[in-house]
Amino acid sequence: MSGEADRAEDGGTVEVLIPLALDQAYSYAVPPGLVLAPGDVVQVPLGPRQTVGVVWERGAGRGGNLKAVTAKLDMPPLDGALMKLVDWVAWYTLAPKGSVLALALRRPPEDGPERPKLGVRLVGAPPARMTPARARAIAAAEGGLLIAKSALAEAASVSAAVIDALVDAGTFAVEPLPREAVAAMPDPDHAAPALSEDQAAAAAALVASVRAATYGVTLLEGVTGSGKTEVYFEAVAEAVRLGRQSLILMPEIALTAQFIDRFEARFGVRPGLWHSAVTGRRRERLQAAIASGEAKVVAGARSALFLPYRDLGLIVVDEEHEAAYKQEDGVAYHARDMAVVRGRIENAPVILTSATPSLETRVNAERGRYTHLKLPERFGGRTLPTLGLVDLRQDKPPRGRWISDTLAKAMTANLEAGEQSLLFLNRRGYAPLTLCRDCGHRFQCPNCSAWLVDHRFRRALVCHHCGHVERRPHECPQCHAQESLTACGPGVERLAEEVATLFPQARGIVLSSDFPGGTERLKTELMAVASGEFDIVIGTQLVAKGHNFPGMTLVGVVDADLGLTSGDPRAAERTFQVLRQVTGRAGRGEKPGRALLQTHDPAHPVLKALVSGDPERFYAAEIAAREAAGLPPFGRLAALIVSANNQPEAEAHARALARCAEAPEGVAVLGPAEAPLAVLRGRHRMRLIVKTERGVDLQAYLRGWLARCGKPKGSVRVAVDVDPQSFL
DNA sequence: AGCACGCCGACT
DNA sequence: GTCGGCGTGCTC
């Protein structure tokens with residue numbers, strides 16, 4: 001309701017931030033009798049309707065005829081630290097403040113009391129009429145325990161109707177189930193692990209940082225299997241002992257049963273779990289438990305960063321280099337960076353863990369901004385695989401083949417020894433390009449100008465950028481020549497053909513994200529690989545991490561140069577990380593492993609650093625190269641301009657940006673082909689993603705650029721990829 | 001996010 | 001002639 005009823009004459013004014021895409025707080029009058037403080041959640045009239053908002057500050061209102069706050073909601077107020085975080089993130093990401101608030105604001109509690117779930121208990125005599133289904137249900141309820149209806153139905157493989165009938169017969173009694181604990185109290189001493197000397201030393205340092213209860217960032221570096229998780233669990237345990245809360249941020253996919261089991265084994269209970277699949281009342285209750293301080297440990301995906309912790313004593317960012325920490329739609333932020341910022345605001349220690357730290361984290365560690373803890377390479381005396389390069393200029397496979405003689409020999413030896421081999425090729429499908437032998441026509445995506453990838457299993461040409469699919473024709477659409485279409489280059493499917501010809505007796509399998517049968521089938525196949533049911537695995541990035549394959553002793557990287565040539569300023573870093581991960585798959589069991597990397601450029605610094613076995617070399621070389629070029633220590637300034645419907649305009653803007661940044665050579669324009677799927681599908685006519693690194697005053701140049709281009713405010717969306725350390 | 005205003009295509 | 005598509009703009 002609007003109009004005179006909303007207006008009030010005295011009682012002062014407040015600035016209320018509304019969780020919508022609004023950059024400013026709005027002024028409202030405070031009706032007499034209402035006392036409001038910053039952080040209070042209120043209901044306010046906005047246009048024709050009522051909305052929630054948060055009192056952001058007091059009194060700075062512009063006077064005049066203001067609408068009045070309708071009511072103060074019965075919710076815990078946002079605490080000062082969280083408000084500060086919202087302000088900071090909005091400032092830093094150039095997102096409207098209200099949008100950032102929307103990430104942090106709890107939904108007002110749903111109306112009505114929570115309906116408890118019902119369970120049944122075996123109480124009475126068996127029913128007069130017995131059936132096999134009824135007998136199963138009764139047997140499953142043996143012992144008189146209270147069981148959830150659905151769980152009982154599942155266990156006895158009967159329908160809910162059978163159970164309802166038994167309730168009517170008086171055999172079962174219905175009782176409300178106790179509410180599922182959303183965050184039980186972890187026991188810091190439930191099962192303290194036996195740590196190696198190095199692990200114990202690292203754990204002690206982390207425990208000390210938790211005790212000190214001051215902001216500071218520690219990079220905990222160690223390869224998979226070095227026990228990083230056990231080590232940071234000690235810091236979590238210490239926070240629990242001190243009665244303080246811990247946040248463990250992880251990429252969404254890492255929130256797996258495996259992690260939860262490890263946590264439960266260490267602390268006796270599950271952590272509070274926060275991710276997109278947690279919804280409704282459960283979400284609400286966990287939020288309440290976090291706000292009250294009752295939930296001591298939260299393990300969550302990036303959105304967990306904005307939860308209303310009451311007393312945050314520790315933040316852990318697991319696998320800090322993961323790209324999944326980057327949110328690109330809506331408010332664009334990097335959760336790892338914002339975690340550091342939250343740590344600063346809350347004055348809490350932050351632990352970043354990784355086997356292959358991102359360059360910016362590495363630089364921060366080297367410059368002493370972060371404490372650097374390293375765990376020795378492998379736990380339990382296992383050695384790292386030996387790495388070697390295969391020079392494809394000398395050892396050239398025949399036309400249409402991609403496995404060199406050297407690699408093939410190594411695979412044969414492995415086969416004869418009964419050991420597994422992995423062929424890594426980060427290319428899904430059969431062939432990345434299809435062309436007409438007669439006229440040279442190349443199949444291109446109508447939406448994004450990328451080449452269409454031939455998928456033979458699916459009998460289709462697929463665009464890997466936007467998802468466009470078309471049938472693979474029999475004749476050339478341009479010159480109508482018959483049987484003239486040729487596949488160019490290898491994909492995993494095509495590699496599988498080559499493997500089948502070279503090693504007809506081997507049991508091979510192709511593992512990629514488009515595995516026929518979906519993720520469930522894929523999981524069972526991964527287990528089958530782990531138990532040795534296949535001799536040769538041909539895989540994309542998917543096989544780089546996760547499952548352990550103890551019988552794998554050889555990794556062949558089919559094209560180590562792939563990814564080194566793209567315009568992405570992080571190309572070298574990404575390639576280094578993925579190659580390090582995938583080659584590390586060899587020799588995880590009893591026997592030592594080795595890896596062969598096929599390349600046309602054996603002198604490439606990334607590859608040289610890799611085979612040297614010393615990751616420091618890579619980081620040092622990368623940083624030195626940038627310094628020599630007069631660029632910021634990590635990353636060039638780069639702009640990724642994406643336009644689904646106006647490519648020339650987008651490129652013009654990129655050039656304008658380059659001029660504004662006064663670093664024309666430092667700006668790379670990447671066409672929409674490289675754009676993330678979400679962006680192309682997005683509704684925005686234009687979207688600009690600016691990637692920049694330390695040393696560039698992002699705010700200044702972007703605001704300047706917007707002004708100079710005469711772009712109206714809000715017409716360009718900006719995603720940020722820059723280390724916030726320089727602003728702290 | 002809603003909700004209004006506004007300007008171009010197929011219909012009672 | 002209107003109904004309705006969603007593009008743009010506004011909400012203290």
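Even glycines carry a Cβ here, placed using N, Cα and C.
Taken from TrEMBL, the feature Zn(2+) 1 binding site applies to A:Cys436, A:Cys439, A:Cys476, A:Cys479. According to its DSSP assignment, A:Cys439 (Zn(2+) 1 binding site) is coil. Counted within 10 Å of its Cβ, the other Cβ atoms near A:Cys439 (Zn(2+) 1 binding site) come to 12, all protein chains included.
The Zn(2+) 2 binding site feature in TrEMBL is assigned to A:Cys445, A:Cys448, A:Cys463, A:Cys466. In the shown protein chains, 23 other C-beta atoms lie within 10 A of the C-beta of A:Cys463 (Zn(2+) 2 binding site).
According to TrEMBL, the domain 'Helicase ATP-binding' annotation covers A:209-375.
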Least surrounded among the binding-site residues, given as A:Cys436, A:Cys445, A:Cys476, A:Cys479, when other CB atoms within 10 Å are counted: A:Cys479
A:Cys436, A:Cys439, A:Cys476, A:Cys479 excluded, remaining Cβ within 8 Å of their centroid (Zn(2+) 1): A:Arg437, A:Asp438, A:Gly440, A:His441, A:Pro477, A:Gln478, A:His480, A:Ala481, A:Ser484
Cα-Cα distance linking A:Cys445 (Zn(2+) 2 binding site) and A:Cys479 (Zn(2+) 1 binding site), given in Å to the nearest integer: 18
Spatial separation of A:Cys439 (Zn(2+) 1 binding site) from A:Cys463 (Zn(2+) 2 binding site) - C-alpha basis, Å: 22
Integer Å distance between the CA atoms belonging to A:Cys445 (Zn(2+) 2 binding site) and A:Cys439 (Zn(2+) 1 binding site): 18
Euclidean distance between Cα atoms of A:Cys445 (Zn(2+) 2 binding site) and A:Cys476 (Zn(2+) 1 binding site), Å: 15
Cα separation, A:Cys445 (Zn(2+) 2 binding site) to A:Cys436 (Zn(2+) 1 binding site) (Å, whole number): 16
